[in-house]
Amino acid sequence: MSHFKNYQISHDILRALEGLGYTEPTKVQQSVIPAALERKDLVVKSQTGSGKTASFGIPLCELANWDENKPQALILTPTRELAVQVKEDITNIGRFKRIKATAVFGKSSFDKQKAELKQKSHIVVGTPGRVLDHIEKGTLPLDRLSYLVIDEADEMLNMGFIEQVEAIIKHLPTERTTMLFSATLPQDIEKLSRQYMQNPEHIEVKAAGLTTRNIEHAVIQVREENKFSLLKDVLMTENPDSCIIFCRTKEHVNQLTDELDDLGYPCDKIHGGMIQEDRFDVMNEFKRGEYRYLVATDVAARGIDIENISLVINYDLPLEKESYVHRTGRTGRAGNKGKAISFVTAFEKRFLADIEEYIGFEIQKIEAPSQEEVARKKPEFLAKLNDRPESKKDKSEELNKDIMKLYFNGGKKKKIRAVDFVGTIAKIDGVSADDIGIITIMDNASYVEILNGKGPHVLKVMKNTTVKGKQLKVNKANK
């Protein structure tokens, strides 16, 4: 049996993987991790939900030099949600090595990101537009950059970001390792790899066609005006613990969410017209299981790693065949079984034919639930509707439960460095350097993570201990 211990990975990274519940590597991880550790250029064709973030995150954290303050790796993602997700994953994987990851994306304070990039940032994750902005303004130093990851490259192409990606690449050092990940490999992506990569190794992790065998696919034919009635019947008979309902437009999402809410269904929505903070809040609440139904546009179809979504409903069939793969890929993740049901009108039949040709099989046509079936399932559905959904455990919860972040009211302007905190805190009785996590030094403040449940002890001692001869105020950090 393959195990992460078989790779050239340090104890700090292995310890974090164990805390995250990673036991054996997925297929893509088995192929990518050894090659990435050898600093090979890679073109990886792999489905969503295959564990690919960890496949590049683990080697990047392993290869990063903690003592180097400037960014050593840049990860480009098509969406803000994915940038935040990848940053969190990198932070968790590199927790005990004190790897600092920074996320930069649009519709968020440029100055705040600029200030964060001035601190030690080993790995930067961002969307192409904002990354290019930082590069052109000189706020993202590139002279120590050794690794570039282009994630969800086909989605970059669909969203019109490839020119920005190329502009970014032209600013980067030519001596670097480049890894490109994509669910599909259109011609333009192949061209990008030929132009900017050095003899890349091609890795393809085959599933049963373009969509995993863990997903049961079905189609129900329906008139547009009968869709909502059908949705109610399907939700009642399927009675999922966790479900995403996809619509084509934000207007449709808003309308459908209001209608479900009026019926008392525990639901929320996510689409591109919402402000960033609201989108993040909605996704986090859905991850935690605070409601069962998420109504969404394609903005939620990529990059959000939520296990145990049992049902995806295409209320509106996607007009682009790639979107079908990415939407339905939200279920059947991490080895779990899932189901994808698509509502198809007469107008949408031609798009269904394109999808079936693309995924390589005919999707099973099923009848709408009968009224007898709906009546039979109704009591069970209503009983679950009145129960609060069971809160889901975030995979990083176990890893982070013994971590306390401390705030100190001094930083660069007081000539304080990360090593000063390490030297001072490691001298406390019962505390070692292994108990110190990520350290962030700002102009007038510093944040230090204390690991292994030793935060309260360190907080108490540091109230009366100087750092580099300076007595700093210390409190448990709010963020």
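Placed from the backbone N, Cα and C atoms, the Cβ positions cover glycine too.
Looking up the ranges 2-30, 176-204, 234-262 in Swiss-Prot, the one annotated as motif 'Q motif' turns out to be 2-30. Checked against Swiss-Prot, the range among 151-154, 171-174, 275-278, 451-454 recorded as motif 'DEAD box' is 151-154.
Close to Lys52 (ATP binding site) in the fold, though at least 6 residues off in sequence, lie Val28, Gln29, Val32, Val44, Ser46, Asp151, Phe181, each with a CB less than 8 Å from its CB. For the recorded site, Lys52 (ATP binding site), the DSSP three-state label reads helix. Restricting the average to the domain 'Helicase ATP-binding' (33-203) gives a pLDDT of 94.
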